[in-house]
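Q: According to TrEMBL, the record shows the following:
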TRANSMEM  B:14-37  transmembrane segment
TRANSMEM  B:44-61  transmembrane segment
TRANSMEM  B:67-93  transmembrane segment
TRANSMEM  B:105-125  transmembrane segment
TRANSMEM  B:145-166  transmembrane segment
TRANSMEM  B:199-218  transmembrane segment
TRANSMEM  B:275-293  transmembrane segment
Amino acid sequence: MIFNKLSLGGVLAAAMSAAALTSAAWAADKPSELKIGITTYSSGSASVFGVPARHAAEILAEGINAKGGINGVPVKLYFIDEGAGLETLMAEYRRLVEDEGVDVTFASISSGVCNKMAPLAEDLEVVNFMWDCGTQRILEDDKYDYVFRTQANATPEVLAPLAYLLKTNPDFKTIAVVNQDYAWGRDSWEIFSNALKTQRPDVKVVAELFPAFGAADFSTEVSRLQALKPDVILSTSWGGDLDTFVRQAKQRGLFESSKFVLPLAESSLQRLRDDLPEGVIVGARGDHYFLHPETRNDEKFKAFNEKFKERTGEYPIYSAAHMVQAFAALEAVYDKAIKANGGEWPTKEQIAEAMIGLNFKGLGRPLVIREDGQAIEAQLVGTTAKRDGYDFKVIDQMEIYDGKDLMAPVGEKSLAWISKFKADFLSKVPATPYRHQ
Amino acid sequence: MTPNFAVLALLDGIAYASLLFLVAVGLTLVFGVLGILNIAHGSLYAIGAYVAATLGQWLVANGYNPWLTFPALFAGATVVGIALGGMLERFLLQRIYKKDEVLQLLVTFAVFMILENLQRMIWGVQPYFMSTPLNLLGNISFLGINYTAYQVLFLPAAAIVVLFALRHFLRHTAIGAQILAVTEDREAATSIGINATRVYFMTFVIGACFAALGGALATPTTSLVTGMGANMIVLSFAVAATAGLGQIEGAAVSALMIGVARAFAVYLSPELEVIMPYLIMVLVLLVKPNGLFGKDTARKI
């Protein structure tokens, strides 16, 4: 109690200055450049996402600066390698914020990294966009003032492919899962299997396989799956792991006996080419596809795809699209905060405040940031098909789901929300169908 | 679960063990003779894989007979083993044989890190693959399960050839005898006129060739990714330590143990798959601290 009395003065002073902060129009000096710290993988297996995203960031920054910057302020990018290990990464992040004085950060790709970065950003009071990591837990478990997510989270990213599966293959009786043995592989299966139980309690899970992250060989898994012949095989794996699994399964005829559901395979289409058979259900962690049926004719979409193809020789994958969303949110939030501030350059507190309810648009459908800092993002799921003009499988029989239908409401935790699903909830979630054109 | 699962698991385990043995045998040979635990062995594995894949892709892209990808695997491995392994020994390891063991370990670790970055610079970060040899050999059906002939016939055959060729080389050839003599006592061997420097060089190059061969032969079955060398060095160290460092036949036995145990785990208790190699290593080392076949001498690690 003594502590309370002693600190009362301090609390009062803090409250008064906080009041001053919100009432008076506080303007920060317009800086000579807007510094953005970005964590992305430039080494390690996740660089299959990190490197395309970095190319995207560079293209976007060049574009912003070519038109004079954000409200006349050019942007400058600072990259940190997530593959360098958590210790190095956190030290480097701290250095960027404290010494280099970056104004905003985009962190990170890995859920494990986001888990560490979110509290660190909050501590350092720097506005952070979680631009790609999947875990739904961070914003569901804790309240943050400076941490926002400019994309969906694992919940809709896993529920959308399940909804698609339930609608297109309503009769399956058995399922097996082959996920990487780390946070994403485990969490995504937890969401998927819990939701499946509410929708189809009769479906039997015949194998739960979690080979090592980065495993080079899935032969034994493939043998066992051939013996079990499950109706459906789910894998939320990605990168080299997914490529190897798909090739080994294809070579040995597993695709002929089981329906595959690969929620991240949009990012492997161009590498796997003919090794990925037709008829596989694929997702993209959002409505990300270089032939997005609703936005492919937009100027912004076409220009970005062209520049990306020119620079990398490939069409952009979802991680590049997530980077586009982070930049779109950044431009939108500065616009909004500057307007709200009577045309003056905003403080970071004003930026953080303007994030709530922010509308922005990347390469897909428009997004909005909820009051818990989480964006609502549409989800695109489809089936692979061979079509003229592409030397890899394209996505046909697409369904685009509105993000809000597949997301736990603010204040609710995903697993608790999922446990309350009505038995036909997912098969009736509205979606807009599209064919490949 | 089919009642035949034990047979299936055995097949899967043997296929896996074959690759593991090919890599581990080089590591254990180099340790046995030179007394150096070569972390850069993992890089030689990865680079052998990348070079073989590049060569194979080039052959296929230029319309050569796809069967040429088989000799390409061996050619790629040999080139990497001799060129890269030779340079490493000649310009780096030769200078540190008399140095502290920790320093030796750190030097090979540094080489590993440098080569890891070099791979990224040359081959980028997107997964690479070259599965032509695997596709050419096709599938064989066994108890209703499709296996690739490459994995259940070719790889085990390659491992057996390597095992017996190496045994023959060490026990029945003059150079092999020189290697054994230097391993036993370098000074005594030198005093009877054996060129120990040359023996070290040759042994290291042979070990490097095996690492690269392991990578090259793994290429058709997997995606080549950054970091693949790190995974392999850890696994092959587990094999070598279980066998007892320096034990060649032992490496074959422990690779087989680890491979088969891992496959059984996938069928019976998938949660154990990931830790199986290390579980076996720990259990063996608890009972026999020098490994299954290790002699009771001062160990490096």
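Each Cβ is built from the backbone N, Cα and C atoms, and glycine gets one as well.
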Q: Counting Cβ pairs under 8 Å to the transmembrane segment (B:105-125), which of B:44-61, B:67-93, B:145-166, B:275-293 comes out on top?
A: B:44-61
Q: Most CB pairs under 8 Å with the transmembrane segment (B:67-93): which of B:14-37, B:199-218, B:275-293?
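A: When the Cβ pairs under 8 Å are tallied, B:199-218 comes out ahead.
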Q: Which one, B:14-37, B:44-61, B:145-166, B:275-293, has the most C-beta pairs under 8 Å toward the transmembrane segment (B:199-218)?
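A: If we count Cβ pairs closer than 8 Å to the transmembrane segment (B:199-218), B:14-37 scores highest.
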Q: Cβ under 8 Å to the transmembrane segment (B:275-293), counting only same-chain residues 6 or more beyond its ends: which ones?
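A: Cβ under 8 Å, 6 or more out: 235, 238-239, 241-245, 247, 249-250, 253-254, 257-258, 261-262, 265, 299.
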